[in-house]
Amino acid sequence: MTPQLQPKQMHWARADSSDFGGQIPAPRSGHTAVSIGKSKVVVFGGFADKRFLSDIAVYDVENRIWYTPECNGSGSDGQAGPSPRAFHVAIVIDCNMFIFGGRSGGKRLGDFWMLDTDIWQWSELTGFGDLPSPREFAAASAIGNRKIVMYGGWDGKKWLSDVYIMDTMSLEWTELSVTGSVPPPRCGHSATMIEKRLLVFGGRGGAGPIMGDLWALKGVTEEDNETPGWTQLKLPGQSPSPRCGHSVTSGGPYLLLFGGHGTGGWLSRYDVYYNECIILDRVSVQWKLLATSNEPPPPRAYHSMTCIGSRFLLFGGFDGKNTFGDLWWLVPEGDPIAKRDLVPNVDSDSKPSNVTGGAQHSASQESQAGESPMIDLAKRLGISLSLEASASFVDEINDKELIELSSMLFGESPPTGDQHACIQALRDHWTSIPANSIQLQELGPLLRDYQRLILRRYLENSFTSFYEKEVHRFFHLKNASELRMDDIPILLMEYGKLLST
């Protein structure tokens, strides 16, 4: 049974010792974790401490214990199972887990393996037909209970946009011939079968840009009787920012997207790692930001998210500096796990012993801020905010840069007693101009006034009436250099809404 997401009633909780017995998996990223029916979750491979991994860790759902099974089998080179690897694909059909590709060292892999989880036996499968080239960072999904569809990846020289279908009974690979427009080649994307369509989101593309587009592929099932073809989907709502290395997990009428790696900035580019939950509502066909309570996990990419009944289990990942080994639950508000106290701080147990430093912003840093409304709002919005940023907000009357900008734009200095009129004129200006007319020197004061209005609304309203209806994308930014060109229209739109209410 597929878990049912409850969009306004989900709760984050870091797993503790009462949740599991046995030895939990070592920290890693680029691994896979798949659910085998309702009984177990199987973790395979990954990368940590400059090593590629080939171990298997299994979570027994009923007994709530982690264990390492004794696997046997043989491959073409006499090995008992797949070589160490990361950034491979893993797909489940019945009790079998299928593994393809990945990377080990500087080598891209093209071997194909099956693990029978009833008897814990590996088999290297020799396919025939249109064999896919070795690759990493591909994405794949099961088609019913017999076939696998795989799209894209990176072969070490180029990004890929090919589509392959593997029949797990005959072991025949078929490259799908697609007519019409096709998505740009990519790797690090997600691919999910929804009824008769393969949905592909995001990834890193040719020349390195990170993408945020959504595509649907028809004609992948025999029942379709349709010519295979791609369609780009542009859905309403709170769409995810461009990213790669994210996870997409099915939850009834929803798809749950978590985490990933993107870039930020306008004047200069820098890496960004995400930790928000965004859902694709298949009923209303739109994106929605999932409201969650409690402090979320640190931002990360190349993690795993699996569903266990009505719960989702997050494991591992990487944030540009740290490799995580923590386990987190995302559960409905009525779940017993949701009734626990606040999540404990992220500590060194989340990472390999030779990795130091915290995530982007730790809970311990936030606790030092006491009862600051700014920090409280940031925690409720599920974002990180530096203590410096939380202390930098002043009333608009005391914002000298705001007053000086108004004088510069309108050509005269207002009398000391008319500063309110000066500020109002500037706000009217920002709510009336098109995004392409705004000047570079306006962005800093605009962003600061936008954040000031959000904080003021939070202080004047209860959390429920304020938070559940509003999403503010730029509240967490430290300065305007983190804005991108395509952020400006959205910033002006949100700013106008704040002023109108």
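In case you wondered, yes, glycine gets a Cβ from its N, Cα and C as well.
The feature region 'Disordered', as given by Swiss-Prot for the ranges 62-92, 341-371, sits at 341-371. Counting Cβ pairs closer than 8 Å and at least 6 residues apart in sequence, the repeat 'Kelch 1' (40-86) and the repeat 'Kelch 4' (198-247) reach fewer than three and form no contact. Each residue of the repeat 'Kelch 5' (254-310) gets a DSSP state, and the totals for helix, strand and coil are 0 helix, 30 strand, 27 coil. A mean pLDDT of 74 is what the model gives for the repeat 'Kelch 6' (312-357).
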